[in-house]
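A.B. asks: After the structure tokens below, expect a handful of questions from me.
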Amino acid sequence: MSSLAKMALPVLKPAMPYLARLPTSLLTLVPSAAFHFTSHPSPNPWTYFLDPLTHPLHAPMLFTAFMIPLFYFMGLISGNVGWVDRSWPFYTPLCSYMILLWAFLNPSAGVYAHNLPRLVLMMTLQLIWSTRLFGHALKRDFYDLTSEDYRYTQFKKLVPNWLFQLVHIFVIALAQPLLLFALALPFHAVLVHPPSELQSGAMALPYSAIERYLPARFQTAPGSTPVLHLGDVALTLVALTILYIEAKADRQMYAYQTSKHSSNGETTVSQPRHSTRIGPKPAPFPKSHHPGFITSGLFAWTRHPNFAAEQLFWVSQALFVVVAGNSSQVTRSGWLVGSIFGPCFCLSLLFCASTFLTEWITERKYPLYHSYRRLVGQFLPQETFLCWLWSTVTGSSAEHRRALKR
């Protein structure tokens, strides 16, 4: 035994009993790759992808392992840390597509053929989401390589450089790609659902209806296995409604900002509630666009309808796992439970942190945003009702409304 192994063994030995708790995909990644590339007559990434020992999550995991250092060094070299942001419309759909491609092409994937219809449905919704987001990003010149999210620019001014570099490494370059990969985990959870646990809901489509169109290696489940039902239709309509709300909110915000910045009318500046040297100074805005930020349309019901819809869309993807059926303690325990709703929760944490910084900047540029926050909830209309209730009880509602309507 080498001296390095002797040094490492005392450190690793206490952790050995807990290795079995790690996801199978993570435990088998290195061994399966090592076995393939040392035993296959002509190994390459494609033959590894088609290897029966390859897990459906191996390709997205390797892709993420490659992209994390790439995002970091691109940000380090260019001084622009927004490279991960530009990948948002594509990253998760690409990970899901790798899983779907594995399900169609890998020789060991035939046992999951009964889940292909639901996977195709989820993939279609993701592609609609991706196309909409990419189109909106193009309209905003988001892919101008010289531009950077204004929140990063402001954050750089607020913190020491060493702290920003830590945020760059762990939050931007590491955590965000991992989160985007994790959002594809419900897709994988649907893939591995066994036929015995699929739920036969109303208007269920049996496997026999599609079996005849599939190759022989996919004909593995009983013909009566329900592959889709009315719950999938309802959830699809919910997801499409969420995407419509998100698109409408983005259009309303874009129209307001475009009109505001192109206006040649008389401008004004709102006076800050408290003088401070930290953050941006109050910004001028046309009087015709008082109070300097949008408060109408969907933004009269929630301060961030687009952010709320974004979070709810990925919740709807996770709900496809629930709609599929009632799994046993074996197939929905441990890591699998966390892989279904855990990514949605982490996405919400990211949005909460990002929105806090967004609103902090906005309130300093447009001080009347303080009144807006007192009247309108952050994400959901239910929060707006609570804001209305509190401002009514405290008697501050009329004052805040007058400030916003001057």
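Backbone N, Cα and C define each Cβ position, glycine as well.
In TrEMBL, annotation is done automatically, which means it is predicted and not curated.
Copied straight from TrEMBL:
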TRANSMEM  58-78  transmembrane segment
TRANSMEM  90-113  transmembrane segment
TRANSMEM  119-138  transmembrane segment
TRANSMEM  159-185  transmembrane segment
TRANSMEM  227-245  transmembrane segment
TRANSMEM  312-329  transmembrane segment
TRANSMEM  335-357  transmembrane segment
A.B. asks: Mind checking which residues of the chain, 6+ beyond the ends of the transmembrane segment (227-245), have their Cβ under 8 Å from one of its Cβ atoms?
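C.D. replies: For the transmembrane segment (227-245), the nonlocal Cβ contacts are 114-118, 121, 125, 128-129, 132, 198-207, 209-210, 298, 305, 309, 312-313, 316-317, 319-320, 323.
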A.B. asks: Between the transmembrane segment (159-185) and the transmembrane segment (335-357), do 3 or more CB pairs sit under 8 angstroms, pairs being 6 or more residues apart?
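C.D. replies: These two segments touch.
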A.B. asks: Are the transmembrane segment (312-329) and the transmembrane segment (58-78) close enough to be called in contact, which here means at least 3 C-beta pairs under 8 A that are separated by 6 or more residues?
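C.D. replies: Contact between the transmembrane segment (312-329) and the transmembrane segment (58-78): absent.
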A.B. asks: Rank 90-113, 119-138, 159-185 by Cβ pairs under 8 Å to the transmembrane segment (58-78) and hand me the top one.
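C.D. replies: Stretch with the highest Cβ contact count: 159-185.
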A.B. asks: With a Cβ cut-off under 8 Å, give me the same-chain residues at least six positions beyond the ends of the transmembrane segment (159-185) that come close to it.
C.D. replies: 57, 60-61, 63-64, 67-69, 71-72, 75-76, 81, 84, 87-88, 91-92, 95-96, 99, 314, 317, 339-340, 342-344, 346-347, 350
A.B. asks: Give the nonlocal contacts of the transmembrane segment (119-138) in its own chain as ranges (CB under 8 Å, at least six residues past its ends).
C.D. replies: 86, 88-90, 92-93, 96-97, 99-100, 103, 186-187, 190-191, 228, 232, 236, 239-240, 243, 246-247, 250, 254, 313, 316-317, 320
